[in-house]
Amino acid sequence: MLPPSLLKLIEELAKLPSVGQKSARRLAFYLVSQPNDQPLALARALEEAAHNLGQCECCFGLSQGPVCELCQDPRRNQEQMCVVEEGRNVFSIEASHVFQGLYHVLGGSISPLSGIYPEDLKIAELERRVLELGIKEIIIATNPDLEGEATAHYLTDLFKQSPVKVSRIARGMPSGGDLEFTDAATLARAFEGRQPFDP
Amino acid sequence: MVIPNLGLSDFRNYKRLEIEFGPRLHFLVGPNGMGKTNLLEALYLCTHLKSYRSAKLNPLIKQGEHRSLIDFHFEDRQVRHLARIELLKQNKRVFLDQKPLRLSSDYIQRFFSILFAPDQLAHFKEFPGQRRAFFDRALSILEPNYFAHLKEFERIKANKTQLLRQGRLAELGPWNKLMAHCIPNLVLPRARLVDELNQKLGGYFSRFSKKGVPLFLIYRPDLNPRDPDEALTLLTQKAPAELAQGFCTLGPHKDNYQVTMGQKMDRVELSQGEYRTAFLSLLFGLNEIFGTRCQIRPLLLLDDLFSELDKEVVKALFGHLEELDNQIFITGTDIPQAFQGAGKRYFVLDGTVEAAPLTI
Ligand SMILES: Nc1ncnc2c1ncn2[C@@H]1O[C@H](COP(=O)(O)OP(=O)(O)OP(=O)(O)O)[C@@H](O)[C@H]1O
Ligand SMILES: [Mg+2]
Ligand SMILES: [Zn+2]
């Protein structure tokens, strides 16, 4: 019988994505076999992250503080807005240095099969921000999978009547892929090759 | 693909069976209810990884047992592989060269059995959905991206259906657009295959039936747009009607395939034997296309081939089967005159199989 504290640790670790029971056990045994300060450093980092990180009030991306650094940076192009599915996508695009504008994080993609509809995403907020900030160009960078494409179509239709220019990043990426796993060079190409989407 | 040997444990009425095959023609002969079709079904499983007779696994496992095993070697493009299919009541596992097979779609896109079986023919005759499934399975091998497009279409349709059920008309647009783009990816390969088949069907049919009436397969796409734009227009027009019905009423999932012989159409006007011969012509045409388009030689599994066919047809069939270099398995309660002396024979008796001596 494992000590209760160890058992609890294993169960918590096993909740993490792509960690099964086996790896959870291995990680747990590793952690508790280390000198005390090491697991504690991890615990503190976790606590700090959980405490300090949240959603940016403006772009709904990941932020330390109520408004993220990107939203606060006056040097960024205030007329361009890139729409992504998840907060982590922002960092992938930032790493490619091809985009200097603002971001908007939807919090997912439209997927009726999984019960996710437009009202479950930050789409109304997007409309409001575009209007309030006077955005001139929206670049849709949702994932190149079916749901991402459907979301892109939905947004394009939404802004059809408005003077805002809407484009979709080109499919420089493997179909069915995930922005997160796309390297910077591929992403850069995709941004440069962006095209009018469903004109 | 060629299967030089097959082992069964607790499969259907077989307790244990070890059997060796040659590269070409085989006859499985025996009285009713002895296990001929069961053996053919096991061979079908070797390429399709599922049965054509039962969607459930339980009926495949010998009564009173909890798992069955199908072990076989197969030769593919000069490489010999070892495979095992393990059937449990709730799930199935496949091992290829002793490693678990992750994606069965990778496997079933490489191998194929052309099956002729009375039940399957009846289903093919009766249900458009069965005909679609039949051609879809073949196209998944013949056309590089067909399977992916089909899966994509099904996912789009499922999402769209969800919206239709909930009455969300305003949100259909994106999914109709995706569907409109996907439709030609299914319709064009289907039409291409039917065209190619039609160039071969007549030859086979006249060879088998000596009737001299043309045999044609007709492909009737539910939507046959010139391009995605036209498809979108049609889908958009239909959206309110689809909403009223609550499901996708329009699209390649409603396509139909029909057989015509001279002036006669389909199951209604074709006799049993005529339809049988027509279907066999279709199978042999498909077999030829597998060879020319992708150098695949499917297993030919012909269950109860000779019933309802007259002597002349059987003789002509023999002529054709002799020319093929597929591995072929034919079952029957006896072997017709025309086939005497040909191929390898096996006597099937109550879950045992005895290879006949080479010369009779
Ligand atoms: N899961 C099972 N366990 C045990 N026996 C089974 C199982 N499934 C089917 N059988 C039996 O296997 C026997 C042989 O069936 P099969 O369909 O192979 O006969 P056949 O030789 O093709 O006969 P026919 O000439 O009538 O077509 C049948 O009697 C059937 O009851
Ligand atoms: Mg039978
Ligand atoms: Zn922000």
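Placed from the backbone N, Cα and C atoms, the Cβ positions cover glycine too.
Keep in mind that this is a model prediction, so the values were computed, not measured.
Taken from TrEMBL, the feature ATP binding site covers B:Gly30, B:Pro31, B:Asn32, B:Gly33, B:Met34, B:Gly35, B:Lys36, B:Thr37. B:Gly33 (ATP binding site) falls outside any helix or strand according to DSSP and counts as coil.
Feature annotation from TrEMBL assigns domain 'RecF/RecN/SMC N-terminal' to B:3-332.
Candidate binding-site residues: B:Gly30, B:Pro31, B:Met34, B:Lys36. Those with a Cβ under 6 Å from ligand 2, in sequence order, are B:Lys36. Long-range Cβ proximity for B:Pro31 (ATP binding site), meaning a same-chain Cβ under 8 A and a gap of 6 or more residues, is found for B:Thr333, B:Leu349.
Excluding B:Gly30, B:Pro31, B:Asn32, B:Gly33, B:Met34, B:Gly35, B:Lys36, B:Thr37 themselves, the residues of that chain whose CB lies within 8 A of the CB mean position for the ATP site are, in sequence, B:Thr331, B:Thr333, B:Val348. Model confidence over the domain 'RecF/RecN/SMC N-terminal' (B:3-332) stands at 93, taken as the mean pLDDT rounded to a whole number. Proximity of B:Lys36 (ATP binding site) to non-local residues of its own chain (separation of 6 or more, Cβ distance below 8 Å) is seen for B:Leu28, B:Val29, B:Gly30, B:Asp303, B:Thr331, B:Gly332, B:Val348, given in sequence order.
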